[in-house]
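Student: Residues or ranges marked as domain 'ABC transmembrane type-1' by TrEMBL: 406-689. The transmembrane segment annotation in TrEMBL covers 21-45, 412-435, 447-467, 473-494, 514-534, 554-573, 602-623, 670-692.
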Amino acid sequence: MQRELLNNSPSQIKRKRRDRLAARIITLGGWTVLLTLAVLIWHLLYVTSPLLLSPSAEPVKSWPLASDEEVLLMEDLRAERAILSQRDCQLTFYQTKPQEDQLLAHRTLPQPCKISSRALHFQGGRYLFQLHPDGQLRVERLSRVADQVQRIPEQSLYLPILRHSLGEPAWRVAISDHWLGAAVQVRSAWHIYWASRQQPTRIQTQTLSGQGELVLLPAMQSAAHFQGKELTLIGQGRADRLSLESEITRVIPFAGDKAFLLGFSSGGVEKWSGYNQDGRFVYRPVYSLTEPLWLQDLQMAQGKDLGLLLGKEGKLLMFLATTGEVLGTTRLPASARSPYLAGNRLYFRTLEGIEQWQIDNISSIVSFASLWRPVLYDGYPQADYVWQSTAAEDNSQAKYSLVPLVIGSLKAALVALLVAIPLAVGAAIYTAYFVPQRIRNWLKPGIEMLEAIPSVVIGFIAAIWLIPIVEDYLLALILFLLLLPPCLVGLAFLHQPLSRALSIKWQSGWELILLIPLLLTLAWLSFVLGGEFQQWIWPNGWYEGQDNYSSKNALVVALALGIAIVPSIYSLAEDAIYEVPAHLQQASFALGATRGQTLRRVVLVAAYPGIFSSIMLGLSRAFGETMIVLMVTGNSPVPEWDLFAGMRTLTANIAIELPESEVGSIHYRILFFTALLLFVFTFLINTLAELVRGRLRKHYKSV
């Protein structure tokens, strides 16, 4: 009765109420953490999941247009831009109005019927080419000001060979940043003219005998001629003739002219890519598409790897330009021709008019093979792992290989562990096993206080102070590391006789007083001797002749990042060693074991699960570090394990590029995919550490 009264007393009821409230708050906090983790995982998966989808196409809208009008130039009609057509010896600019399904003739330009016209897109501009009967080729840039389309004279080129032509000759024209190219077929020969855009009077000519078709590649100042199974590549004063297995029906260059597609009569499609070989730009086959397609036209998504190939009878094939991976096919109207891709909107000409189709998921197309395997990019001599998300030219290929970033993260983490493990575990053994409690009470918190230093401060100190030291005194650092072990071994041999000579009060802890001046003296000797030897051996610097050398290399990362993760490893390892039951040590001493034998055979064995877990958590901490590697590594995504080469880690890459990436773009989603990789790696490492710790604890439980 008295116990029930005590349990129901106001103080007990109040305490139980507080206990229940505390339990609910703690439970709420735990579930909040789990919910936050679930939301984080869901967001990462939500952003990266479109990378697994394939593109698809569906019709949206159409505009009627007379079937006898030749479309010279097409643009994004959703933005009320114009298309340029040619009919009855006149040029007509059409445009649309919002909420209207008809093309309106915006402006009509009469011209003599003997003038032949072409129009091209180039780097966001629109160019109109008009060839006059007297051989004068005029180039005009079409510019839109308000609602008016203006024709701005750009350049002219005289083609004297037209004076000897009979009838209307076949002619080709192309333009690049540096060259205006024109080719005319007269008397069974192609006559090629190149005019510099910076110096219009600087003109070069070439002549190629034979019929067949010719495609100009102005960016490389070259051309491709094909007839039957023969392919001739013309450039830099020479012509390379190649005989292929199938009859060539089409040659379509990619933007930048560093690569082109070959279409064959058998339906096959090959990509040829060029590279610099001993000062000459040569082309070689890269891959063949697995899907048969009688090639008609090509459209590339701006700034993306997705290409659209139009074949006979309206077959549309979607593929990745770098790897040749076919993503899917669809059927357009059989009369589809002259495609133009603007964003995710595909326009093309049919017998009835202009049609618009929508390409879904166009901003999330990537080949997972290109993320992990070497890829042969246009202009590269061989396949390589390259991360280059931005380029100086709009038509450059985006390169998203994750291998350099993963190698950089692993290299930084592993070399940091090489520095951190001896320091952290050695310090943990010393403070937990050897020193008296009074020294441990101030030494342990002092080491753990290093973790309170912001990583950006450590990175700043390493970038400003440590990098010049490593560059100037590398041999001194190596000499210090080589001399340190024998000095410590010698001190260990002197420890026992010196301890006997001291009083009991000073027998523990005196080695710390002796070790500090010894290390300072050793460091001074190493830097004095190492500097002299380095100046004698490498007068111009030890890095002379190393092509991949970077002052911000793995050695600096090893020192800076290694020091940063020492407190994390030390704290857990020290607690594991210190918590080894005293009766185990006393039993070992009772059997006649020395302190060293007890440490090696009993203490470390019992504490091994905790030490292993601390090392694994230190690896996870080093792999996920951002600011130190961001400030110290140089951030060069080089796929090499060379300790003297630069690197870029996954975390630094996210910090650098995510603020500048376009939301929803391929670049944006791949950055989130790397964040997902970081999360998975950290989760696996932590889980593995916990599982191994549990298994080892069960294994050594009987010790």
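For all residues, glycine too, the Cβ spot is worked out from N, Cα and C.
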Student: So are the transmembrane segment (602-623) and the transmembrane segment (447-467) touching or not, going by 3+ C-beta pairs under 8 A with a sequence gap of 6 or more?
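Tutor: They do not touch: fewer than three Cβ pairs between the two stretches lie under 8 Å.
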Student: Who are the chain neighbours of the transmembrane segment (21-45) in space, where the CB to CB distance is under 8 Å and they lie at least 6 residues beyond its ends?
Tutor: 672, 675-676, 679
Student: Give the one range among 412-435, 447-467, 473-494, 670-692 whose Cβ atoms make the most pairs under 8 Å with those of the transmembrane segment (554-573).
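Tutor: The stretch with the most close Cβ contacts to the transmembrane segment (554-573) is 412-435.
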